[in-house]
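The structure appears below as structure tokens.
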């Protein structure tokens, strides 16, 4: 079995490198966009600031949608349902070829960097499964390649096992959670399972997480920062929360409320998304010509981005310069108006926005109007984006939506009990309930329990 373990390690390492590359390209594109915005802000040209954000987003969305519509239709939209279907016995054409890999990769990084309300998690599962399939079979009809090694794994059972491990490694690389990746494949992805596959999948996920952390320890934006192999907790943990809070039994009351709210809103999200996708299919199927149908799907993604830029356009029209830019991205929101604060939340990219919502000690940073406005806007737009013609995931939108209504509950507690500074009342913090709300909505939409708990612990601590 040494060759099977070796192959699992190679798949994990390759997926870890791929996950690192995805995040680096996304961060570099976002930094490039906001560097251009900062230049126009310093010149005081608000109109060009808004135009720069919109034009750069439109360019990335057009290429992202075009790559899955005209280059690899099998890469749209997230790939996760297709992987689950394949592992449960459904045969799908072009799901594991080189064009699907390239198209999904390009579409994913451009869609996330463009400003659409989405994340790279679903496509990373697909990309990890593609790596697992490619490295285990080592043959490609499109490339005319049939290498004479690992030939004993060229059967459906072993192929399915390596695809399962690759999918788990994709989740592990994104969330830096090897145990979460293993539990995700066990709970959500695969129906064919045994103890041997569990250990090998865990090893694959461990290698993926280690590789991503190792590369991220010294490289940022493809620039060497030194300290290779030094794992800083603040950089390794995705949503770093420095301040720990002592737990009070009274905190379970709003936690139960958030759990119920997450289930109700999660069911609403799924139901609304199903209806939107049915309407989408009916509309596009009514267009007889294939080229016009694909062009219409591309125009839909452009329309989604334009609607997503409405808060920025409104703030531009009001003449408020609410964008405060630090090293390449928005880090603070110096806005006195409720609408400006809501707009700033929506303009912020997903990971940075969630980090800011989870920040401790910012009891009155956002008011009810800004949080409720951002919640309604983000909920609808993320639901509309899911299923559009780009390779995208919904984990970041789920966490963001949950963090918004969790912070609203925390703000209600602050309004009732006031800002508590003593150790017994410090748990009344909107940032704490934003984290609980993020977990509740994630669970309400995905129906995950055990793997979700492990993933959330890995992301927040």
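Placed from the backbone N, Cα and C atoms, the Cβ positions cover glycine too.
These numbers come from a predicted model, not from an experiment.
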Stated TrEMBL location of transmembrane segment, expressed as one of 162-186, 287-311: 162-186
Stated TrEMBL location of transmembrane segment, expressed as one of 332-353, 398-419: 398-419
Per Cβ pairs under 8 Å, the stretch of 96-118, 162-186, 198-223, 244-270 packing most closely against the transmembrane segment (398-419): 244-270
Cβ contacts the transmembrane segment (96-118)/the transmembrane segment (198-223), at least three under 8 Å, sequence gap 6 or more: no
Recorded stretches the transmembrane segment (431-457) and the transmembrane segment (6-26) touching, at least 3 CB pairs under 8 Å: no
Interface check, the transmembrane segment (162-186) with the transmembrane segment (198-223), three or more C-beta pairs under 8 A: yes
Residue numbers, six or more beyond the limits of the transmembrane segment (198-223), whose CB comes under 8 Å of its CB atoms: 4-5, 8-9, 11-13, 15-17, 19-20, 23-24, 27-28, 31, 128, 132, 161, 164-166, 168-173, 176-179, 181-182, 185-186, 229-232, 235-236
Sequence-remote partners of the transmembrane segment (6-26) [C-beta within less than 8 Å, at least six residues beyond its ends]: 105, 108-109, 112-113, 120, 124, 127-128, 131-132, 135-136, 150, 153, 162, 165-166, 169-170, 172-174, 200-201, 203-212, 214-216, 219-222
